[in-house]
């Protein structure tokens, strides 16, 4: 394509692309903090019922003894988190004494929380335990719903208004709503502002990737796309460190939100995508951004382009329809399995900080392998292999005994690393599959499918209340399904970006004709080989 050739003639990947990509990827790293923030701000500490108000612990100087008399023990010998005796059972203070049939009740006077690890979380502040525990998962689902709505809103706006405007607004919205989340003191306000924060995830990640891909020449796109994945991994490691230092949930929320105000200020310097400007007839602005552009060289290619703003364009033509349907399955399944593994770290029974670090570090070698295979093997094989491997890893984890928590965590971390690598590969893959004319709309639509997956993940996790087999089976099966769907997509390694829908359909038709010609040539060759022995016999 003309624009791709122009970038290559101007020197390929230069200082501008390096600085530009770095400034876009820095916010993406902190964006990962918000995705997994509730692992810490909504952590569930050990807790038990508050004693009855009409009794006092002064009846004994031993607080442990008082607890044994007030709260029954569960099967593991720990205080029951959601029940207490209606009346203190003083007989339990005597050694080798048990009480059967004692009346119990719910925690009518509240709970006592273990604050040794987390001095405050939203669970402690609003008592999101026992009967109210589903509200904790609801808060995460509301955030994911915001990500879903953001993909719809910002995906459409980016094709109409450009990539830069929605990106700048997303930085500001995240900074303000993140600070407001830390300030207001009601659970309802928390959910509202978390929803607004979720919206910005799509606005930032989709527009950042589009700007990086559209300013990169062909040979730099793979590395740039993978760097986006590494920035997301870096954000997970940053979150573990910041959460370890800043334990109160409000200050942690504030600490990971304020930097986006800085990103908002410097983002005004970032130039708009020249591909988008050219496609919408704003060639003078594109010339200013490029500085050295021969406008007549590309006018012949864009003169007949009529920008489309309808989502129906994703299904109107055969080639684009096939891409969209396959990517819907891939994005939904990848997101479902990824967040199903990553949003509930306490289930492993180990230090939540250690698990967060491990789940972040595992992405580094996984994405290093993904980078190598994308460059030398191709996008399709890389994404499919990682998804299939992740699916089998998750299903295999079902057969590991629960008392082998370290092995279960290591195997889950490997599966999560494969899913993280496939996720960032499919971001790049999707950007290369769609033409510039509808690239942002296509990525936004695919991202909507991913947000449905992220929204569904907490719901699938709750199926574990009925059977512990259902969540891993669901996550593993969908990952395998996504790996199979990738096999129906075209390879884009070293291929120039397509500018229009018509050019995409033309490329597919030419590819089909080439395959038909090769098949006919092979048939003729086989017929000639079959005829030779006959001639010799005659």
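Note: Cβ is positioned from N, Cα and C throughout, glycine not excepted.
Looking at 353-377, 503-527, the range annotated in TrEMBL as transmembrane segment turns out to be 353-377. Note on TrEMBL: of 170-193, 290-313, 434-457, the range annotated with the feature transmembrane segment is 170-193.
Below 8 A, the CB atoms of the transmembrane segment (469-490) and the transmembrane segment (170-193) form no more than two pairs separated by six or more positions in the chain, fewer than 3 in all. Take the transmembrane segment (170-193) and the stretches 200-217, 251-269, 319-341, 383-400, 412-430: counting Cβ pairs under 8 Å, 251-269 has the most.
Confidence for the domain 'Major facilitator superfamily (MFS) profile' (94-494), expressed as mean pLDDT, is 82. Counting same-chain residues at least six beyond the ends of the transmembrane segment (18-37), those with a Cβ under 8 angstroms from any Cβ of the stretch are 171, 174, 178, 197, 201, 204-205, 208, 211-212, 215-216, 224, 227-228, 231-236, 238-239, 242, 252-253, 256-257, 259-260, 263, 266-267, 270-271, 342-343, 356.
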